[in-house]
Amino acid sequence: MILQVKDLEVYYGSIRALQGISFYVDKGEIVTLIGANGAGKSTTLRTISGLLIPRQGEIYFQGQKINRTPAHQIVRMGISHVPEGRQIFPNLTVMENLLMGAYTRRNRSEVQESLEEVLNRFPRLRERAKQLAGTLSGGEQQMLAMGRGLMSKPTLLVLDEPSMGLSPLLVEEIFEIIKNINQQGTTVLLVEQNAYMALQIAHRAYVLETGRIVLSGTSAEVQANPQIRSAYLGEVEEGA
Amino acid sequence: GGQGKTETQGASGEKVIKIGFIAPLTGDVKTFGESAQKGFDLALEQAGYKAGDFKIEPVKADDRNDATEAVNVATKLITQDGVKAIVGSLTSLTTIPISKFANDNKVVLITGTATSPKVTVDEGKRKEYIFRACFIDPTQGTVAAKFALEELKLKTAAILYDQGNDYTIGLANNFKEAFTAGGGQVLTMEAYAKNDTDFSAVLTNIAKKNPDILYLPDYYQKVSLIGKQARDKGIKAVFIGGDGWDSSDLDYKTMEGGYFTNHYSAQDPRPEVQNWVKQFKEKYGQEPDAFATLTYDATNLLLNAIKTANSDDPAKIKEALQNTKDFSIVSGEKVSFDENGNPIKPVTILKIEGGKQKFVTAIKPN
Amino acid sequence: MEHFLEQVLNGLQLGLMYALIALGYTMVYGVVQLINFAHGDVFMVGAFLGYFGFAVWGLPLPVAILTAMVACALLGVIIERVAYRPLRYAPKIAALISAIGVSLFLEYFSSLKFVFGPNYRVVPRPFPEVHWNIAGLSVSNIQVIVFVVVLFMLILLQILIYRTKTGMAMRTVAVDHNAARLMGVNVDTTISITFAIGSAFAALGGVLYAIAYPQIHPFMGIMPGLKAFTAAVLGGIGIIPGAVLGALIMGQVETLTSAYISSQMRDAIAFAILILVLLFRPTGLLGRTETEKV
Amino acid sequence: MKLSRNTFFYFAGAVFFFALVKAMQFSGMLTPYWQLVLDQALIIVIGALGLSIIYGFTGQFSLGHAAFYGLGAYTAGALDKVYGNGNMLFFFLSLLTGAAVAGLVALLIGLPILRLRSDYLGIATLGFGIIVRVGMENGNKLFPVLGGATGMSGTPQVAHFDLIFILTLIVILLVRNFIFSTYGRACTSIREDEIAADVMGIDTTRYKVMAFVLGCALAGLAGGIYAHRYPFLHPASFDFLKSFDFLLIVVLGGLGSMTGTIVTAVGWVFLLEVLRVVLGQNFIDWRGVIYALILVVSIIVRPQGLFSGKELRLLIPDHLKMLTGKEHTHAGSGN
Amino acid sequence: MPVLEISNLAKTFGGLKAVNNFSLSLDEGEIVGLIGPNGAGKTTVFNLITGLYKPTAGTIHFCEEDITGLPPFKISQRGIARTFQNIRLFKGNTVLDNVRAVFHPRIKYNFFDALLRTPRYNAEEAKVTREALELLEALNLAHRANEKAANLAYGDQRRLEIARALATHPKLLLLDEPAAGMNPAEVKRMVELVRYIKERFKLTILLIEHQMGMVMNLCERLVVMDFGQIIATGTPLEIRNNPVVLEAYLGKGATVA
Ligand SMILES: Nc1ncnc2c1ncn2[C@@H]1O[C@H](COP(=O)(O)OP(=O)(O)OP(=O)(O)O)[C@@H](O)[C@H]1O
Ligand SMILES: Nc1ncnc2c1ncn2[C@@H]1O[C@H](COP(=O)(O)OP(=O)(O)OP(=O)(O)O)[C@@H](O)[C@H]1O
Ligand SMILES: [Mg+2]
Ligand SMILES: [Mg+2]
């Protein structure tokens, strides 16, 4: 178990966004969290990466308790979180953004290696290396965010809706990349609206509803669940 | 505010008169206000907090050198604390509005240092309850011009003044008028703003004109800065200024050789002067400046009037003040008031020499 | 002509003085997007500490300056901790109000008797002033020192911000704290460093200012602070070379206006020019004119 | 036009307050000093409401408000001094002229500079304030009556509580009516997102300028009243540091809240005077220190301001109340 | 008669030709999909139509009238409304006021009516409020009318943006990725919604969307852009089988619901 979350409760002011959720991620897995808008997926990820402090519950990463560790230290421990809405640095160039991803790494040649790797994965970014990131289109920004996330060579890559706003071709590509990254040994925790695709590449899935986990299992099991098919995959016609 | 209140309610049944004191005790000219306060305190202390049959109870207030606050504070002192007379405030900016209020409410007000003619006379009408211990703006400018022309025999002048301060504007304008009338030539008149620290542009212009005199009618801290930069620019002119120079914080080294008009000279052997300087030094460990001296004089003039009237009726105190005859204060022997509430006293001219103020002459203004 | 050149030199000196303050101002703004109105007052505290250092306690000048810089760096960090950090995620204007409060606090507190006191103090020259005559123009050693220091600060800041990791961290913090955190940046530390450097530079500026214009008092920071900030805006706020450019222009405008148009109108004309420049370049001379990407 | 229910209660409240003040005056509880402070507070309320429109509701950062306050003061003061004779008609005419002049100047300067954004706009307005101050210092060269740097005295002191109170009531009502109209909504949408407002059909330039002109005219009106209540006008009373006073009132009150602006304006004026009384003579030099501390602490405790975006029920139009709970929200934190 | 007629539109940023030689004509009542890879220039086209960007070349006619270079608010008043790729609501204002604000150009009382609360003001305010509430009702947001827009859930915010756009009484509605970040079930509901509003408000719609489920279901005609230029147009069926589009945009395994 590389990541374990126990009875997590998180509040925004007085709003209880997470109502006690527990789940785990094993080494080498892709685990996906799916759920409607506002279910608490992003909140879960933000709590894991230390941006939010839980009121209740525990988070263990590689056996270490991290629910009170500040975000900048969690990065060093090996969790890289690619946030929802990209959050790239618009006033930095594409290259600088990528280098920021390796902010915690000291070994220059290794960083250079990762950079090459990322630029090969996203040739578009190489073309735009000197452009200010703020003027990239939506999809380009998403690629940049992913690339930046990979630059820290994480043990656990946490992805929040990486396919949002991307063209179908790129969505496919992104999922390819995720699979690829995973095959090369990085564990992935993936939040996706695009439940089809997510379930296709994930080993296991959890379904979140208003701050609770309502279903879990292997991807196949979850995908087979009729309620899930209607609520998240839109396959059964509902009453208008 | 409360000091002394308990005493007044004591069994003695003494008669009490409250005197207000208004000055900038906070803000950027707090240092002036504190000097004035020292003068006020020392005067009361020397009088044993008594004038005639009356015990003096001072009520102090801060106006932050702000016209609005000054009016608020004067209203408080007059309508709430029941003061019968006020010493203050320091600058014309605050004293003009409170003098109107005091006069309307028939409370005596005497300012140590507010020089604008508008303090005592406005729109051609004399505010009967208002007096001052200093010269009005025209006096010093005129005397300085006369002195420069007749005694120093200097013929050309440049003037540099603060465009936002009516004290310096008043002196500058009157110096110019008198100097020109007396046959001198004002080569240039330049202004700066209150918070300026760099005067190099205008000083460069002045240096080119090479005047005999650089007239600097501002307070000590500003003229020190200007003087320094003027010398750096190679200006050889004699510096001349007004009572604003009178402070131990003046940069004596820079201002060496300059002359300024003042109310008195610390070397004047008169006991009033010597006592004042000595006691001030003893009590506060420093030399008194113009703010302290004039406020001290103003307070003493007021105390004398209360004693003479022996009444706490402001109308009577006002009468007594107006009729002050040959009263000796630090800034003048045998002082009386003219019909506008301005003291009739000679202007002293001092020279900065060897890092000290040196008495040169005293001139009676006409 | 020589006269004109002399005025230009006067303007240069004034401009460099503004640049001295504007650099720190603009750097802090660049990172935290806060008009730190207290900057001018930290500058004042620096001037006082420097003065006490070399004129009262008799420290050698470099030691006095260093002491002032370290003390002000600390002061800057404390101000940020106490007055700005609690407001970090509040609307920007809240921190601005806090900054006005801190500015007033430093002014009024400093003018208390047991602190610096309200007096205007004359600052003695810590070293003799030397004038050189170069092509008919008089140049003083103080002017040269100020020039060198501004240049040094400018280069140092450029290197710091664009060539170091800390600088990159600052630039990310400038945009988005959470995203910066996710990169492993310690946001609190980065902001503290920013304030420390900005305030240390303010102190350095303060001491030099007090040597050039040898008089200090608790309210001395207001006007230079305001002018320096204006200069920073003129050059494009948050942009380091912009601060110097803006400051030099302000210096020239003020000086040449005083010299050739009217000394009464100086501030009016200086600010009128500022407004005019902004109308044509709404984000300052070197500011990026960004069309917001919709 | 029928009086709506809450307008009725608004006036009822006003009458009650007025009666209270009169009773306190009569019984001597309200000394002329506190009366003056109250009058000053009302004057500041009017001026601050002006900035509230400009910044609180329309989001245009202005650091030059005191300049317009001064323009109104000088215009109204000089007019009444020269042409008036203590006559009420002239008093009102001069007030209106003062407001109009401030508004007109705002129009001329606002048209070009309101294109600027946030801090750039702030510094431009601040600069304009300094230009106005230089103008005041040299105004006597054109019109000797203005007195220039030596200040202007002799303005007729005809404003008193009754008049100021009625004017304040009217201003509050008019500002309320403005805010809760389509014009007010146009303004708040500009504050929230100028680009979206533009794309949704709102002429942003026009309403930014309108808000600026209105707000500055109110500052001018307040200035005019000041000139008739305080006997001396001096450029120093209207310099840029005074603009900060208006700004902090509006922010501490809570952006986008008239109620907040009104309460804080009154509170601010009284705070300064109460501190004077509380500290007594011996600690008077702590006044500035404590004032500064109160400022910092209050903004830290309530960064969104006292009433951010909330209004007293009294100020909300009836037809909106039916939709709402106790408090109506019509604005955000507007950062 | 075409509602919108764009000819040879171009926009460059520095050296980048974001839109180039772009021509498009929309007939009344059409729903046309504008698709293409990220960075193709789709949003830029919207920005050009709505006046946020001034075109480098080309003209835009709306209902026969040349609107090229008009300021955004005037274009809106002519009858073009839009939503934004990154939601841009009046966040601090209430849901109701988000909608009411944009009634502004059509309000029939003047400044003095407002200041004096004349009967005209009262009547008109009541009317505007009623209409706004009806719109919110139609988009299933009426129950949140007095909530701050910022407090709405993401999906509600998307719908509020549509409600606000409708409140300008547009003839032409430009939707920029309305279903972004929604799961397939939610996308389906969005499709229903767009159909519904198109009928009810008699709209012509230009739709940018990457979710093929939405585009293929809704649109009669698709325009595909790449590198600022149109690379293909046609019915969904044609586009789905267009090799160029497959290559540039859809990808081989195009999943279409
Ligand atoms: N900063 C915040 N302040 C207050 N409430 C918030 C904040 N962020 C999220 N919430 C609330 O917390 C709940 C969970 O939000 P979260 O962003 O985690 O949802 P999500 O599952 O990621 O949805 P989406 O698919 O829209 O990204 C929602 O009800 C949301 O409104
Ligand atoms: N304001 C701007 N300044 C500079 N470049 C810009 C600007 N706006 C857009 N661009 C560039 O124009 C190109 C087209 O951008 P646009 O946003 O129109 O793409 P898009 O087709 O909407 O993409 P997506 O589907 O990802 O939203 C991009 O390469 C982008 O970098
Ligand atoms: Mg999310
Ligand atoms: Mg787009």
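Heads up, the Cβ atoms here are built off N, Cα and C, so glycines get one too.
In TrEMBL, annotation is done automatically, which means it is predicted and not curated.
Record features, source TrEMBL:
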TRANSMEM  D:33-54  transmembrane segment
TRANSMEM  D:66-83  transmembrane segment
TRANSMEM  D:89-113  transmembrane segment
TRANSMEM  D:120-136  transmembrane segment
TRANSMEM  D:156-175  transmembrane segment
TRANSMEM  D:209-227  transmembrane segment
TRANSMEM  D:247-272  transmembrane segment
TRANSMEM  D:284-301  transmembrane segment
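For the transmembrane segment (D:66-83), same-chain residues at least 6 beyond its ends with a Cβ under 8 Å from one of its own Cβ atoms are 47, 50, 90-91, 93-95, 97-99, 101-102, 105-106, 128-129, 131-133, 136, 139, 143, 145-146, 152, 154-156, 158, 216-217, 219-228, 233, 235, 237-243, 245-246. Most Cβ pairs under 8 A with the transmembrane segment (D:33-54) among the ranges D:89-113, D:209-227, D:284-301 are made by D:209-227. Tertiary proximity for the transmembrane segment (D:209-227) is limited to same-chain residues at least six positions away from its ends with a CB under 8 Å from its CB atoms, namely 43-44, 46-47, 49-54, 57-58, 60, 62, 65-66, 68-77, 80, 94-103, 105-107, 110-111, 114, 155, 159, 164, 167, 171, 175, 178, 183, 187, 233, 238, 246.
Annotation: stretch D:247-272 has the most Cβ pairs under 8 Å to the transmembrane segment (D:284-301), among D:120-136, D:156-175, D:247-272. Beyond the transmembrane segment (D:247-272), the same-chain residues lying 6 or more positions past its ends with a Cβ under 8 Å from any Cβ of the stretch are 37, 40-42, 44-45, 47-49, 51-52, 55-57, 62-63, 65, 172, 175-176, 179, 188, 191, 287, 291, 294-295, 298-299, 302, 304-312, 315, 330-334. Residues 60-68, 70-71, 74, 109, 113-114, 146, 148, 235, 238-240, 243 of the same chain, all 6+ positions outside the transmembrane segment (D:120-136), place their C-beta atoms under 8 angstroms from a C-beta of that stretch.
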